[in-house]
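Copied over from Swiss-Prot, here are the features:
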type     : residues : note
TOPO_DOM : 1-28     : topological domain 'Extracellular'
TRANSMEM : 29-49    : transmembrane segment
TOPO_DOM : 50-57    : topological domain 'Cytoplasmic'
TRANSMEM : 58-78    : transmembrane segment
TOPO_DOM : 79-102   : topological domain 'Extracellular'
DISULFID : 100-192  : disulfide bond
TRANSMEM : 103-123  : transmembrane segment
TOPO_DOM : 124-142  : topological domain 'Cytoplasmic'
TRANSMEM : 143-163  : transmembrane segment
TOPO_DOM : 164-199  : topological domain 'Extracellular'
TRANSMEM : 200-220  : transmembrane segment
TOPO_DOM : 221-240  : topological domain 'Cytoplasmic'
TRANSMEM : 241-261  : transmembrane segment
TOPO_DOM : 262-276  : topological domain 'Extracellular'
TRANSMEM : 277-297  : transmembrane segment
TOPO_DOM : 298-313  : topological domain 'Cytoplasmic'
């Protein structure tokens, strides 16, 4: 492992990631549940992707959106968790300057895209439940294609400046990052330049994007709840509430943790440093591990598709 750099004049060529500065001895114990969650997330999302790709009956707009969500989850897990486990298991804390900013870009980009995908999926469920007769004419393959373009375009416009703003800074306050990942504010705090604009941009962009997505999701599920409560069939209300409720709780966890991370990164001196670090790791593991179960395995068509796939093997 490379030694920390304290030379304020030498250009930084790599950073050292210090996970849980106050609980270093706990890292080996923490690695086991993280490894299990990582394997669950990768296995479940890969299975869902393959099933939707190979099962012709699942070639529908909703399942295309599920495929996009699974792909985003896989990339997010692979971007963050292997490096975290390498730190825990082998003490491989160094990360090169380009690799750090590449990780930062992918994390910001794919988290932004995932938030937008949740919003599009909430709209899909709103149309399916509140306007079922119009669903085939509104939620089409063309709609999904336009939604994907919107997700990517919005991400490029908003997320790309984050690593660019950090990469342009001069780093002269050492190379030790008190985090397990290269988050924007954790890295920029090592700069000897003024980072006020970086902090302001992340705060405004984070609250604007995630807040607007969450508001639209809440509105969609509010209309869904209103329609569901009118259902007279026995057991139908409980089933619908169970399905939509689990969707909404998972989305709420995803969005709330992101917004909390924006706040804790800006108020780091008032909050124990290990709290946002743990939240960051769990945020890259729990939603990817649960998304395929909540959105996929609990769906009758997905379960049937997996069974058909297993029969072919």
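Glycine too: its Cβ is placed from the backbone N, Cα and C atoms.
Quantities reported herein were computed from a predicted structural model and do not represent experimental measurements.
One residue stands out among the disulfide-bonded residues 100, 192 for having the most other Cβ atoms within 10 Å of its Cβ: 100. The stretches the transmembrane segment (143-163) and the transmembrane segment (29-49) are not in mutual contact, being linked by fewer than three Cβ pairs under 8 Å (pairs 6 or more apart in sequence). For the topological domain 'Extracellular' (79-102), same-chain residues at least 6 beyond its ends with a Cβ under 8 Å from one of its own Cβ atoms are 1-2, 12-19, 27-28, 30-31, 34-35, 38, 110, 163, 166-167, 177, 180-182, 187, 281, 284-285. Under the criterion of 3 or more C-beta pairs below 8 Å, with sequence separation of 6 or more, the transmembrane segment (103-123) and the transmembrane segment (241-261) qualify as touching.
Among the recorded stretches 29-49, 200-220, 241-261, 277-297, the one sharing the largest number of Cβ pairs closer than 8 Å with the transmembrane segment (58-78) is 29-49. Sorting the topological domain 'Cytoplasmic' (298-313) by DSSP state (H, G, I as helix; E, B as strand; all else coil) yields 13 helix, 0 strand, 3 coil. The transmembrane segment (29-49) is not in contact with the transmembrane segment (241-261), judged by fewer than 3 CB-CB distances under 8 Å for residue pairs 6 or more apart in sequence.
Listed as Cβ neighbours of the transmembrane segment (241-261) (distance under 8 Å, sequence separation of 6 or more from its ends, same chain) are residues 111, 114-115, 118, 121-122, 125, 129, 206-207, 210-211, 213-214, 217, 221, 224-225, 228, 276, 279-280, 282-283, 286-287, 290-291, 294-295, 298. For the recorded site, residue 100 (disulfide bond), the DSSP three-state label reads helix. Within the model, the topological domain 'Cytoplasmic' (50-57) shows a mean pLDDT value of 90, rounded to a whole number. Broken down by DSSP into helix, strand and coil, the topological domain 'Cytoplasmic' (124-142) contains 13 helix, 0 strand, 6 coil. Helix, strand and coil counts from DSSP across the topological domain 'Extracellular' (164-199) read 13 helix, 4 strand, 19 coil. Counting only same-chain residues 6+ beyond the ends of the topological domain 'Cytoplasmic' (50-57), those with a CB under 8 A from a CB of the stretch are 63-64, 66-67, 301-302, 304-306, 308-309. Beyond its flanks by at least six residues, the topological domain 'Cytoplasmic' (124-142) meets 61-62, 64-65, 220-221, 223-224, 227-228, 240, 244, 247 of its own chain at Cβ-Cβ distances under 8 Å. The helix, strand and coil residue counts that DSSP assigns across the topological domain 'Cytoplasmic' (50-57) are 7 helix, 0 strand, 1 coil.
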